[in-house]
Amino acid sequence: MRYSELADLYRRLEKTTLKTLKTKFVADFLKKTPDELLEIVPYLILGKVFPDWDERELGVGEKLLIKAVSMATGVPEKEIEDSVRDTGDLGESVALAIKKKKQKSFFSQPLTIKRVYDTFVKIAEAQGEGSQDRKMKYLANLFMDAEPEEGKYLARTVLGTMRTGVAEGILRDAIAEAFRVKPELVERAYMLTSDFGYVAKIAKLEGNEGLSKVRIQIGKPIRPMLAQNAASVKDALIEMGGEAAFEIKYDGARVQVHKDGDKVIVYSRRLENVTRSIPEVIEAIKAALKPEKAIVEGELVAVGENGRPRPFQYVLRRFRRKYNIDEMIEKIPLELNLFDVMFVDGESLIETKFIDRRNKLEEIVKESEKIKLAEQLITKKVEEAEAFYRRALELGHEGLMAKRLDSIYEPGNRGKKWLKIKPTMENLDLVIIGAEWGEGRRAHLLGSFLVAAYDPHSGEFLPVGKVGSGFTDEDLVEFTKMLKPYIVRQEGKFVEIEPKFVIEVTYQEIQKSPKYKSGFALRFPRYVALREDKSPEEADTIERVAELYELQERFKAKK
């Protein structure tokens, strides 16, 4: 199958904003995709090469890409760099460079999807001395044989800046439409395996029956079950039917642990493989988990010298560190607090009641200095739960989780079986959807960011304010570099940005406002932190903003 067919799909997807049309385009493409390509094409459609949980990365930045294009086309690097400044899109500039290429090689071959994918695998696996040169040559060979439009989308895939507007929901519906299977079965299979390639192949070859038989697999992370918010401990108890398991809500990074004999893999909340960054935790897990095979879930917390938890950003610093890890082990010690188990020695436990899963967890974990069970209180009494809540806050934790004793584990679902209880005017996690260029010495930097809450019903991101304070000069440099590849359009000083990044924002209060489509505006919003552990769809919802507004107004009325 030729790569030009995939490039044409990208072009058509880019031209429409209609989700129904995007779904149809993707479904039609999947129908004609050969079986042997069906496990890789869904990722390429998403603008990726590998699933998020796959450790492999291309490791190619703009500079190396420009060198490869220059080598392939004969267009000087400086000319390509100048073109990028004009177009604002390296993909467009690559297409222009290929158009300028004097002639094709006598041995030129049309690009196929298999060749492109196999080359990407070689690039990802190139390690050690001379690996950058090898990566550049592999890329140059692709660009030598690429047509301008193919080159544009190759470059965007390499840099992860596809801009076609296809996310997981569209791909899920397209798989269902293409192979005439139930969307809910596609969703279920994906939630259990986080692997669209595998799900697409099962859907085509085995249909609804095959999808319904999909099971948890060690080495493929399960989408985490999520919680809704509760206004108070009392409200949580009422919602739970009068009795609940309350657990400390740790201020850390949620992780999923897969153990298979001596092999342990740890995935972050966004399902990225973070195993290499936490070797001391891996060794502690091997000693603590008794079964041969298991999947458990917990919160990884950074511990300060006084034994109190440090902000979760410290854990993210550990995840990002690729070198001098031993130094970081000493600087930022970690502790894993386990709170759930989904799989033990061939048996899936997701249909098992929470109370029984917790009992199983206690049975299979040998606690140690680094591996502990999440502290828990099962009670019917509001006073007991409130005392536990106060204690959690005094210890420096975020609050409490409340869980129904009979709740099954529902991958990817944000329901009321689990509730989180935190102080009323908590910070919000919001998505950057726009920004403005600064003035004077900051004219080359983005300096004010339009942030939005997620509307799960429409899939839209609804703006709730502009955040311009709380950033250091270094933050603005980093944010500009990070966001530039995702600029969709510019109007004067304002740029629209593809929703990719979540930031934590504090504020004085929430106001009703006709200024924004959401109907709300944050008063005096201030940047707190980048939430690299959250995807845009995991940001706070517009319902949560409305809930906080109501709580705030009730609190004012009591004064």
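Each Cβ is built from the backbone N, Cα and C atoms, and glycine gets one as well.
Among the features that Swiss-Prot reports, active site, N6-AMP-lysine intermediate is placed at K249. Residues or ranges marked as ATP binding site in Swiss-Prot (evidence: sequence analysis): E247, R254, R269, E299, F339, R414, K420.
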Euclidean distance between Cα atoms of K249 (active site, N6-AMP-lysine intermediate) and R414 (ATP binding site), Å:
16
Counting Cβ atoms within 10 Å of each candidate's own Cβ, which of the recorded positions K249, R269, R414, K420 comes out highest?
K249
What count of other C-beta atoms do you get within 10 angstroms of the C-beta of E247 (ATP binding site), across all chains shown?
24
Give the three-state DSSP assignment (helix, strand or coil) for F339 (ATP binding site).
strand
Listed in sequence order, residues with CB under 8 A of F339 (ATP binding site) and six or more positions away:
E247, E297, G298, E299, L361, L373, A374, M401
Cα-Cα distance maximum in Å, computed over every pair in E247, R254, R269, E299, F339, R414, K420 that the record assigns to ATP:
19
E299 (ATP binding site), number of other Cβ atoms within 10 Å:
26
K420 (ATP binding site) and K249 (active site, N6-AMP-lysine intermediate), distance between Cα atoms, whole Å:
8
Inside 10 Å of the Cβ of R254 (ATP binding site), count up the other Cβ atoms and send me the figure.
19
May I ask you to report the DSSP-based helix, strand or coil state of R414 (ATP binding site)?
strand
